[in-house]
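Colleague: Once you've had a glance at the structure underneath, I'll fire off some questions.
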Amino acid sequence: MGTDIGDLLQKRKIELSDLSNRVVAVDAFNTLHQFLSIIRQRDGSPLVNSQGKVTSHLSGLLYRTASLVEAGIKPVFVFDGKPPEMKTGTLNRRKEIRESSKEKWENAKAEGNLEAAYKYAQASSKVDQDIIEDSKYLLDIMGIPWIQAPCEGEAQAAHMVLKKDADCVASQDYDSFLFGAPTVVRNLAATGKRKLPGKNVYVDVELEMIELEETLDSLGINRDQLIDIAICVGTDYNKGLEKVGPKTALKLIKKHGNIHAVIREKGMEIEALDSIKELFTHPDVTDDYEIKWGKPDSEKLINFLCDENDFSEDRVVKAADRLKAASGARQQTLDQWF
C-alpha cells in the first residue's frame, strides 16, 4: 500500500482537538480498508448483516466520523477513480495476497488458531464496489461530503490541499507527499492500542501530523528528490532497486543528485522512469467538485443501518444526535462571521 518512506519523515504527535475547524481530505479507500481490517470478531470474521453482507465499514464510517465531527473536524472523503495502467502489477499482487490470506484464514479457523486466523483475515480485506457505493450513500445521509477522483484519491486530496480547499490529507500511506500534499495526518481512522502481529505486545496508535517542508528541510532535499527516493525504494508503479531501502536511497540521491544519475552509476534500469515521475508531478485530478456539509437524515440512517443492515437503533440514534449537534455548532460558527 504505497511507498515505504515512513522512516525518513518528521512525525509529530497531535490531538484530535488540534484539527478542530480544519477541513480534512480523507483518503476514502485507505480508511475503508482500515475499517474492514480492524473491525472483526475474534476469529477474524467481519461484521455482517442477516443476509451475510459485510457491514464493518459502515460501523467504522458512522461511529468514527461522528467522533471526528464532534471534535469540530470537517471531513471530506475522496474516493479513487480508475487506477493508472502502471498500477496493474501492484493490484494483481495485492489480489494474490488477499486470496492466499483468505485460504490461510480458513485453515487457521479450522485449526482453532484464533490469533493466526485474525491476522490472515485482516490481510484478506477487500474494498469492492458494493462497499464503495454503500459508503457513499451512508456519507450522503450523514451530511458528509465526498468527492470522486478521476484517478488516485491521494492525488486528488493533495490537489485540494494545494488549492486551499482543505487543510490536510488523512491517509496511512505516504504517497500524498509525492503528489505534493503539504500536510498529512495519520491514524485518523483508528487510535488506541494495537497488537503487533505474532507477538503478545501492544503499541499505542497515536494521531500523527507530518509536514512536507519540515521533512524536506531536515533531509536536505527537495520534493523531486523525495519522489526519486520513493522510486528507488519502490512505489505502486514500480518495484524499486534491489536491496535499496529508504535510508540507502536517501544517501544515493544526496550523493548523485537524482535517480537518473543513480541508475547510471549502478548500471541499472527502471522501466518507464519518466512516466512514473509524471504520475506524481502531474497527476490526473479534477476541480469539478463541491464541498458542502449538511444535516444528517435520522430517518434514512435508521432505515439503512437498522432495517437493512441490523444495526442497533439506540446506537444509530445516538450517533445521529451527535452528528446533528456538530452540524448545529458548525452553523453557529458560520453565523458568527456575518
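Counting begins at 1 with the first residue displayed.
Glycine is no exception: its Cβ is also placed from the backbone N, Cα and C atoms.
As the structure is a computational prediction, the values presented were derived from the model and not from experiment.
Swiss-Prot lists Asp27, Asp80, Glu152, Glu154 with the feature Mg(2+) 1 binding site, giving sequence analysis as the kind of evidence. Annotated Mg(2+) 2 binding site per Swiss-Prot: Asp173, Asp175, Asp236, in sequence order. What Swiss-Prot records for 1-98 is region 'N-domain'. As annotated by Swiss-Prot, region 'I-domain' applies to 116-257. According to Swiss-Prot, the region 'Interaction with PCNA' annotation covers 330-338, on the basis of sequence analysis.
Are these features on the surface or tucked inside, and what are their neighbours?
Modeller: There are 20 other Cβ atoms within 10 Å of the Cβ belonging to Asp80 (Mg(2+) 1 binding site).
Secondary structure from DSSP puts Asp236 (Mg(2+) 2 binding site) in coil. Its own atom aside, the Cβ of Asp236 (Mg(2+) 2 binding site) has 23 Cβ atoms within 10 angstroms in the protein chains shown.
Across the region 'N-domain' (1-98), mean pLDDT in this model comes to 92.
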Colleague: Can you give me the Cα-Cα distance between Glu152 (Mg(2+) 1 binding site) and Asp175 (Mg(2+) 2 binding site) in Å, rounded to a whole number?
Modeller: 10
Colleague: Let me know how many other Cβ atoms fall within 10 Å of the Cβ of Glu154 (Mg(2+) 1 binding site).
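Modeller: A 10 Å sphere around the Cβ of Glu154 (Mg(2+) 1 binding site) contains 29 other Cβ atoms.
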Colleague: Going by DSSP, is Glu152 (Mg(2+) 1 binding site) part of a helix, a strand, or coil?
Modeller: coil
Colleague: Count up the helix, strand and coil residues in the region 'N-domain' (1-98) according to DSSP, in that order.
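Modeller: Split into helix, strand and coil, the region 'N-domain' (1-98) gives 47 helix, 18 strand, 33 coil.
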Colleague: Select the most exposed residue of Asp27, Glu152, Asp173, Asp175, where exposure means the fewest other Cβ atoms within 10 Å, treating these as the binding-site residues.
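Modeller: Fewest other Cβ atoms within 10 Å, among the binding-site residues Asp27, Glu152, Asp173, Asp175, is found for Asp173.
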Colleague: To the nearest whole angstrom, what is the C-alpha distance linking Asp236 (Mg(2+) 2 binding site) and Asp80 (Mg(2+) 1 binding site)?
Modeller: 14
